[in-house]
């Protein structure tokens, strides 16, 4: 008994000419049809289809994202609270008079701005609630968060420079200061280029497509440099402050409570940064515009053997 051939394939068998591209614009779910339309085998098409399905977010993926996001938010609040308690409890509090109390603003402002606010602004586009058609409000919010982080960082730099100048202490002589000033400079450049390339109406689409990969990559680099600057700064402060003296304070090597507390702050900063980088590196949590080529139909053109 002759097997009935579906009408969609009868036109292919009745003509010796290769199928037209219009017949080949098929969804990737029709694997057998797509394989006959092009030079790719059914196994190759199926493999490509599976790769595309892997980056389409599922409900489970979205739930995992929100868990990571809440963890990131909690770690950020903990970082800000801990650095404030450290400088008020053990370092004497805050002032803006050129004294050591003014220096205490430096770690608070840098951790808050260059790490926490920056990190939360970086993962803003990964939140599914921002995946609507109108991206302009979220772009503005992203720029505002980054501007707030930049302003806090600049104030933190002003605090330490004023303190050094008042006490005749040299500026920018340590590795920590080199990393910190380089991070702030890159951050400022990133913000200016981002606003010019993505927010100004006159910026062409081709320029935005060119800038986007570099913008995302540089954002991750700034996050890593911010963590390195904060960790080295905490360690440097502990070495300078906990030297041990006659009034009963213990040196850093003896692990006094302040040293353990500040080291714990460093661990929180690293954990926060790792969660941010995890969110940024997951393809399933990218904005749909970044995954557009993975979900559209793929034209499979026929090649004669």
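Yeah, the Cβs are placed from backbone N, Cα and C, and that goes for glycine too.
Taken from TrEMBL, the feature compositional bias 'Low complexity' covers 1-17. Marked as domain 'Cytochrome b561' by TrEMBL: 71-281. According to TrEMBL, the feature region 'Disordered' maps to 1-21. If you look up TrEMBL, you'll see 62-88, 108-128, 140-163, 175-202, 214-234, 260-281 marked as transmembrane segment.
Below 8 angstroms of C-beta separation, residues 110, 114, 118, 139-140, 143, 146-147, 149-150, 153-154, 157, 208, 211, 215, 218-219, 221-222, 225-226, 228-229, 232-233, 236 of the same chain, each at least six residues beyond the ends of the transmembrane segment (175-202), sit close to that stretch. Across the domain 'Cytochrome b561' (71-281), the prediction's mean pLDDT works out to 94.
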